[in-house]
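For reference, TrEMBL has these:
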type: ACT_SITE; residues: His303; note: active site
type: ACT_SITE; residues: His348; note: active site
type: BINDING; residues: Ile647, Asp649, Asn673; note: Ca(2+) 4 binding site
type: DOMAIN; residues: 133-168; note: domain 'EF-hand'
type: DOMAIN; residues: 169-204; note: domain 'EF-hand'
type: DOMAIN; residues: 489-605; note: domain 'PI-PLC Y-box'
Amino acid sequence: MDPEGSRIQDDPHIKVMMAGSTLRKVKSRSWKKQRHFRLLEDGMTIWYKSRWAGMGHSTFSVTEMEAVREGHQSEVLLSTAEEFPADLCFTLVFHGRQGNLDLVAETPEEAKAWIQGVRKLIHKAKNMDEKERLDQWVWDWFKKADKNKDGKMTFKEVRKLLKMMNVEMSEDHAFHLFTMADKSDSGSLEIEQFVYFYKMLTQRDEVWKVFQDYSGDGEKLMLEELENFLSMEQQEGEKSSHAQELINRYEPSESAKKQGAMSLDGFQIYLCSQEGSIFKPELRELHQDMSQPLSHYFISSSHNTYLLEDQLRGQSSLEAYIQALKRGCRCVEVDCWDGSDGEPVVYHGHTLTSKILFRDVISTLKEYAFKASDFPVILSLENHCCVEQQTVMAKHIRVICGDMLLTTLLNGQVPQQLPSPQELKGKILLKAKKISGTEGSLDGTLTDDISDEEEMTNHEAESLSAEEPPAGTLNHDGKKSKAKLSKELSDLVVYCKSVHFHGFEYARSYGKCSEMSSFSESKAKRLAKDTGTDFVQYHTRQLSRIYPAGRRTESSNYNPQDMWSVGCQIVALNFQTAGLEMDLNDGLFAQNAGCGYVLKPTFMRDGNTQFSPEKPEERPGYTPMRLSIQVISGQQLPKVNQKEGSIVDPLVRVEIYGVPQDQAKEETSHINNNGFNPVWNETLNFVIHTPELALVRFEVEDYDKTSRNDFMGQFTLPFTSIQAGYRHIHLLSKDGTAIPPSSLFVNISISELTRRSQI
């Protein structure tokens, strides 16, 4: 069995890749080294090593790659453009936060073969169905275990393979399976026999039991039996055509299809598919009303977008903008400072972070703004520049963005409410200070500061007094200096005018919907706790932006859920930092086609709302829900420690994030020495008071009694997106990328919490 068949192998570009090429790997202007690259026989793995004998080699899978860029399309290759012509250069772009690979071929023909070949392989990998993916997985294991590359596997190789696969099994049982698969009694398994061995190994008793409950003859599910399962267990109601669709889509056996039936194989493939996953497939599509005011949406937002690492000495990079925008981010931040040659630069001021040109950031924004989503991008400007360089900034924004830049009110009308994402499709909006009659004079002098993130209470200023004072706010005498604003830049601000926050009473009486304020996480948290209802009401008309505390120099994040619970729209996170907070962000914005806008619940869009996250039971229509999760089993969980022989002890923790009353965690016991097919069969129960705001996070950890448990995988989704019934949860890495076929098998029940069940 060779899952990719012969067709792709015959492609001339693929042939060049399989024959191998010497390519130059470029990391900087001074680091350029030759490496030998080739595509392995599986058609899915790229192998490379130094030309010097004895040096180790590296591999990566086609499935790890997202795209290939041609020519000088990375900062590194642009910096070496004079040395290497564009037709020799290409960049391999990986999923998640993994760095790019910049390569230079020896001839244009060779570069073209690799560019076209890799694109074909990426396309093929993306379009594999469930069965092909499984075949590929089996093939990968066979290759890993066949150490002497003779196309056969001895029992010794099988024993090593089981360790690699995270399986702890008695030697007797392993040998029993081996001899059953070795039908020719040759003492080794060829690929077809290995497939049989793998099938016995991965036989899912827990799936078989569910299948048996509904199958009359224990062999297949007839159409009516499958309909019963969908109605009773999957809570689908009366959808008679759906059972037939599932048979057509997932049943591998033609004879079963002809009988209008589903075999155990088909049943398992369905349960492992997207339709059998925990996330309602229809909610992954664009399904929300996009014609409401901007203030009615949560907006995926990034803080200090230009940074790839920490806030003190990390690298500033255009790639950071590309990565954030590709993840669906709709509000990016640009910190602008005077450049030495009259060209404004972007970096984290008063630190050792590297600098990039403002105009290059705007060019990158123009190119990538609407690749992941058509809905508007807000450019949040942290402006520390002199008036002259601000005018240069205004010119760059206007010239580079062209028609994409929104420069005038829609219909020329002064609005009572903000325009909608639908009306602003394909537009870039500038968020910055603006000169107006009350706060500026004709020469552009402002009474308040240009920079937004330095807004803080005296208490916050005192607590941060050990830090560097913000630029542009103190002069040499320690007194506040007046900042000046360029009229050209001010004129580009239309719907996102940055203003000081003067309190909720002032906002109710005088606040305009086009004015917005920025709050540090600590100030926002305090307002949320002390005046939650006022904050929710404020956010029905006006936008706010929340940013991480200055002390988070290592680019850590705060919990965004606290801010979403009071309706804050632009909750800016350090996108470069993987972890719980970004999992929550990715989970919330996974719905609605990942477009970066999620409509807030009805009770957060009504200007007279009395909702308080501290007292969810007081809102009209309050309906708490009971969530019951039976954690049944895990499948092929990732290894934490790559050392040969190490096997994990997995446990599952389920965490609820929402209003304060909903915050909860429950976990299963751990299973010793089995990451391959652990079975828990434990039920975790939760009560959720504000289901519309709750996120549910599943995390798998490797239990360690002497130290902190190791993270293995996670999946986060909105409570409202959960499908009830028997479901698979396809786990993601710490970086948020898929790690197939690692999954959890669960049975989920959701019901309204009645008075009787509360007693």
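Heads up, the Cβ atoms here are built off N, Cα and C, so glycines get one too.
Note: TrEMBL annotation is automatic and uncurated.
In the domain 'EF-hand' (169-204), helix, strand and coil residues by DSSP number 22 helix, 2 strand, 12 coil. Apart from Ile647, Asp649, Asn673, the residues listed for Ca(2+) 4, the same chain places the Cβ atoms of Asn166, Glu168, Val648, Pro650, Ile671, Asn672, Asn674, Gly675 within 8 Å of the centroid of those Cβ atoms. Only residues 6 or more beyond the boundaries of the domain 'EF-hand' (169-204), in the same chain, are considered here, and those with a CB under 8 A from a CB of the stretch are 1-2, 138-139, 141-142, 151-155, 158-159, 162, 268, 633, 635, 676-677, 745. Its own atom aside, the Cβ of Asp649 (Ca(2+) 4 binding site) has 20 Cβ atoms within 10 angstroms in the protein chains shown. Around His303 (active site), the same-chain residues at least 6 positions away in sequence with a Cβ under 8 Å from its Cβ are Glu333, Tyr547, Pro548, Ala572, Leu573, Asn574, Phe575. For the pair formed by Asp649 (Ca(2+) 4 binding site) and His348 (active site), distance between Cα atoms is given as 42 Å, rounded to the nearest Å. When the Cα atoms are compared, Ile647 (Ca(2+) 4 binding site) and His348 (active site) turn out to be 43 Å apart. Around the Cβ of His348 (active site), the same chain contributes Asn304, Tyr306, Leu307, Gln311, Leu312, Gly314, Ser316, Asp335, each under 8 angstroms and 6 or more positions distant in sequence.
All protein chains included, Ile647 (Ca(2+) 4 binding site) registers 20 other Cβ atoms within 10 Å of its own Cβ.
Taking the Cβ of Asn673 (Ca(2+) 4 binding site) as centre and 10 Å as the limit, one finds 15 other Cβ atoms among all the protein chains shown. Per DSSP, the domain 'EF-hand' (133-168) is made up of 23 helix, 2 strand, 11 coil. Residue counts for the domain 'PI-PLC Y-box' (489-605) under DSSP, helix first, then strand, then coil, are 48 helix, 20 strand, 49 coil.
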